[in-house]
Amino acid sequence: MAAPCAEDPSLERHFKGHRDAVTCVDFSINTKQLASGSMDSCLMVWHMKPQSRAYRFTGHKDAVTCVNFSPSGHLLASGSRDKTVRIWVPNVKGESTVFRAHTATVRSVHFCSDGQSFVTASDDKTVKVWATHRQKFLFSLSQHINWVRCAKFSPDGRLIVSASDDKTVKLWDKSSRECVHSYCEHGGFVTYVDFHPSGTCIAAAGMDNTVKVWDVRTHRLLQHYQLHSAAVNGLSFHPSGNYLITASSDSTLKILDLMEGRLLYTLHGHQGPATTVAFSRTGEYFASGGSDEQVMVWKSNFDIVDHGEVMKVPRTPATLASSMGNLPEVDFPVPPGRGRSVESVQSQPQEPVSVPQTLTSTLEHIVGQLDVLTQTVSILEQRLTLTEDKLKQCLENQQLIMQRATP
């Protein structure tokens, strides 16, 4: 029997600054920053500290479709309809390095847990893996036959999962670059997919209004939820692995209790489709974005575990795997009036509670500084190349003038 919930989720604050629909959100590891991308071609980095000014990063030539902080929090990746990926240093300068290999819109970007590589998904029907520090394209995974909407690494970095408009979810082995399994149960385009924190399960959202959960070891469909009345655009696992949140074009967010296989909450906040949702790394907060141009930050409240203690002593994969072994199989159609509905948008936003940086360590700091130095060197190299090109052009022009001046 699950412990009773402490409180309902509450809207902490909302950020306004985008000039078109918000497409993606992601928290930094210490929850001090929240990144969002938009159809307005801009990337925003919001500060959770009150009265702090946001950073607006410009560089993409078209809509920003995806964002993801590196595990250290010192880098920020974005993908765009301009077919490029950019890696930013999320500070006031907003400098970035451009990665080019896709031939169509980049829909998804996700760092591996070690930060050494990242994976992208694109409308060119491929999934691509890149080296972060060497700044090079490594290889493609190319068995999808339609646009690939999303690709994610497993927590241990050994597997990649991808979701496509070909109505399939594919599981890949990173080392062999082979497709391990194709999940074909969705009745429409698959919009989003992610790994459970244990790495033993995946959840996928679809245009058929459903969310499905599979075991990646047995490939069995464990849970099927049909709770939304329109397409499900995004989802996010709570770091405990016990809860899943979804965002839908029906304008709602829904929180599911995976251990009991039931709907906990329906949240009404966005005016129009809710396009994206993501838990913070501690699970204490979650953020959502919508076609109403707003980014909303909510306090979870429903999980009464001490988030700081959870992050200080993370559960081992074995513990999570055993808990997922008890995950009930459930086929959950939408029930009338089931679950609590919270009209949180009408509540007065409060200032957020600051989250201690519990995971910061000397090693992470060194890795983070390496990230920043690598990006800085790359930017300097790009500027040096431009300067050399300009000098060559000046010399060529000078020689041409001298030749013309010679009788």
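Glycine too: its Cβ is placed from the backbone N, Cα and C atoms.
Where the annotation comes from TrEMBL, it is an automatic prediction and has not been curated.
Residues or ranges marked as repeat 'WD' in TrEMBL: 15-56, 57-88, 99-140, 141-182, 183-224, 225-266, 267-299.
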Helix, strand and coil totals (DSSP H, G, I; E, B; other) for the repeat 'WD' (57-88): 0 helix, 17 strand, 15 coil
Tertiary contacts of the repeat 'WD' (141-182) (same chain, 6+ residues out, Cβ under 8 Å): 104-105, 107-108, 110-114, 117, 119-123, 125-129, 188-195, 197-199, 202, 204, 214, 216, 219, 317
Residue counts (helix, strand, coil, in that order) that DSSP gives for the repeat 'WD' (225-266): 0 helix, 25 strand, 17 coil
Considering the repeat 'WD' (267-299), which listed stretch of 15-56, 57-88, 99-140, 183-224 counts the most C-beta pairs under 8 Å: 15-56
Sequence-remote partners of the repeat 'WD' (99-140) [C-beta within less than 8 Å, at least six residues beyond its ends]: 65-72, 75, 77-81, 83-87, 146-153, 155-157, 160, 162-164, 172, 174, 177, 367, 370-371, 374, 378
